[in-house]
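**Student:** Pulled these features from TrEMBL for this protein:
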TRANSMEM  A:6-28  transmembrane segment
TRANSMEM  A:33-54  transmembrane segment
TRANSMEM  A:60-82  transmembrane segment
TRANSMEM  A:89-111  transmembrane segment
TRANSMEM  A:142-158  transmembrane segment
TRANSMEM  A:188-210  transmembrane segment
TRANSMEM  A:222-246  transmembrane segment
TRANSMEM  A:266-284  transmembrane segment
Amino acid sequence: MTLFEAILLTVITASTPLLIAAIGELVVERSGVLNLGVEGMMIMGAAVGIAAAITTGSSAFGVLAAVLAGMAMAALFALLTLGLATNQVAVGLALAIFGLGLSGVVGAPFVGVQREGIGAIAIPYLSDIPFIGPVLFAQDPFVYAAFALVAGVSWFLFRTRAGLVLRACGENHASAHALGHHVLRVRFLAVLFGGACAGLAGAYLSLVYTPFWTSGMTAGRGWIALAIVVFASWLPWRAAVGAYLFGGVTILQLHAQSAGVPLPTQLLAAMPYLITILVLVLVMRLRGGGAGPAALGQPFVPDR
Amino acid sequence: MTLSRRNILLGGGAIGAAAAMPAAVPPAAAQAPLNVGLILIGPVGDFGWSTMHDQGRRRMLEVLGDRVRATQVEAVAPPDFDRVATQLVRTGSRLIFTTSFSYFQATQRVAAQNPNVFWENATGTATARNLAIYNARFYEGRYVQGVIAARKSRSKTIGYVASFPVPEVIHAINTVMRGAWSVDPQMRIRVVWAGAWFNPGREADAARALIDQGCDVICQHTDSPAPLQLAEQRGNVFGFGQASDMTRFAPRAHLTSSVNNWGDYYVARARAVLDGGWQPSDTWGGLDSGMFRLAPFTNMTPEEASEAERIRDALAAGTLQPFEGPITRQDGTLVIPAGQRLTDDQIRAQNYFYQGIEVQMP
């Protein structure tokens, strides 16, 4: 494997948790709900995922538990913001804080437990393609899941009737309600989907990327996923570009440091943020987009 | 921020509970228990630096029993330090350990504001009337790492996952190379600054980058086991554990770990406050002091292990001095000639790489 291939391989894996969490949040925000608690749902996924995997000895069960944990956190958020129509920003922030704390409690018995990570699965034939094969088709299952999520969500949002309804709820919940759509039900399902994705992203960290538990191990990735959604103009393909770009520049700057590139390391460390924002803003200028769902963050109380 | 607030509440609750049960204190202990505060930079479960401070706290409670109480706040980001420290003072802590160099300046400030509290900063560089500093001479372990790395590396390149360019890290990098050059003058080093003491994902990415660029022995100056674990995954790469014995994270890649032990020091310092004999001392304990030790050497031939043991013992005995002259900076200027030795203050102020290290100072 050449150095270039090795770098690409690392880039894909480093970007995967960002992308999975961002795609989930994208759907949530498209439905008109702003859930700032991605970090909290993600770390709960990481903690519950590894706890379940260690307890049962099955990675698959760990992943399932992580997804359910993310959904449980999201359901709590939905109960407060959709059921009781409380302020979404405040509840989202509280969810992030709560998740960080609760995950520490859940994970405490598993600190220092060593476990094999989930390995890569090479797709027959495709992985034999020179260059592209090993980089794209000899990865762990989460990487494929991320590809599938981007394509699936893009198709769902813009090619299906249900996707249209979801976007309508995000643009103008009063109109959607008047047309007879169940705004709160749609939003609830979207929020649950976002929680599932965040939990999955968390499981990736604790079961594949660094297969052990330490509290605070998401280290701010949930917040970066949130930022990617905004800079991607709420479009799935752009979110993929943003996530891979961010992951790519992060890895490249580490390589640049290691290779002794004569630039201040502080500047190199800031590069992922600078370049991702710059590129996505440029794309926004050239290709349009940028305005978020009009009803984003507004609570909806159906009048009967 | 949030973790700290939660723990402050927990700690406050513990103090409240203690105050509510005066009958539990035996009459012999007429003296009120000493409240000790600890502020940790990472989570207790980092399996490295902060875990070991937590164990030091446990040891202190075990030895001194109900003569002390402890309130510990973990994962305190430096911007939150003042608030947490003030809160600890308010809730009655009389001896406060602040366990990171990132807290040093802030500790100087709050120590001046709270003259009736005894402060202790780990890895700080100056004392004050009510501020002591303590550290271990971890560089002795780094020298041993350098020697072992030079024996194990086939690519003759060490990868160093560094946190921040502070003197503690810089003199560790210099000392690793001194140890390596004592075996093989051709040894080279690559350094990646992770920009964090604790960020497992980033630490692993840094180790990946180093390994992909040909490093086959990884030294880490960050607190999680992620770099070592990655060395294990990659195979044919070796690594060293940081702060605690990390053998179990990498049974095939682990060479040795530097294992910290703050317990005895915390016992001594709390006892000094109880007995009224606390002094603003400057403690810098080496391998001989027991403030840290090296975990059993693993994945080495008997010859390699016995050489490492010999070097370790020479460092502990003081017959081998890692900061003996001549010392020349990267740019060729002579710091001290042969026959001289850097003073402790000079070591603590090191902000330059030695000649032969082809890494730019950030």
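Glycine is treated like the rest: Cβ placed from N, Cα and C.
Predicted, not measured: the structure shown is a model, and the values here were computed from it.
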**Student:** With a Cβ cut-off under 8 Å, give me the same-chain residues at least six positions beyond the ends of the transmembrane segment (A:33-54) that come close to it.
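**Tutor:** For the transmembrane segment (A:33-54), the list is 17, 21, 24-25, 61-70, 72-74, 77, 81-82, 88-89, 91-100, 102-104, 106-107, 109-110, 113, 115, 170, 187, 190-191, 194-195, 198-203, 205-207, 211-213, 215-218, 220-223, 225-226, 296-297.
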**Student:** Under 8 Å for C-beta pairs, could you tell me which stretch among A:60-82, A:89-111, A:142-158, A:222-246 has the largest tally with the transmembrane segment (A:188-210)?
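**Tutor:** Comparing A:60-82, A:89-111, A:142-158, A:222-246 against the transmembrane segment (A:188-210), the winner is A:60-82.
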**Student:** Do any residues of this chain, six or more beyond the ends of the transmembrane segment (A:60-82), have a C-beta under 8 angstroms from a C-beta of it, and if so which?
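**Tutor:** Contacts with the transmembrane segment (A:60-82): 33, 35, 37, 40-42, 44-54, 88, 91-92, 95, 98-99, 184, 187-188, 191-192, 194-200, 202-203, 206-207, 299-300.
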**Student:** Near the transmembrane segment (A:142-158), which residues from the same chain, at least 6 beyond its ends, have a CB less than 8 A from one of its CBs?
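**Tutor:** For the transmembrane segment (A:142-158), the list is 12-13, 16-17, 19-20, 23, 26-27, 30, 118, 121, 123, 166-167, 197, 200, 203-204, 208, 235-237, 239-240.
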**Student:** Using a Cβ-Cβ cut-off of under 8 Å, list the residues of the same chain that are 6+ residues beyond the ends of the transmembrane segment (A:89-111) and lie near it.
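**Tutor:** Sequence-remote neighbours of the transmembrane segment (A:89-111) are 34-44, 46-48, 50-51, 54, 73, 76-77, 80-81, 213-216, 222, 297.
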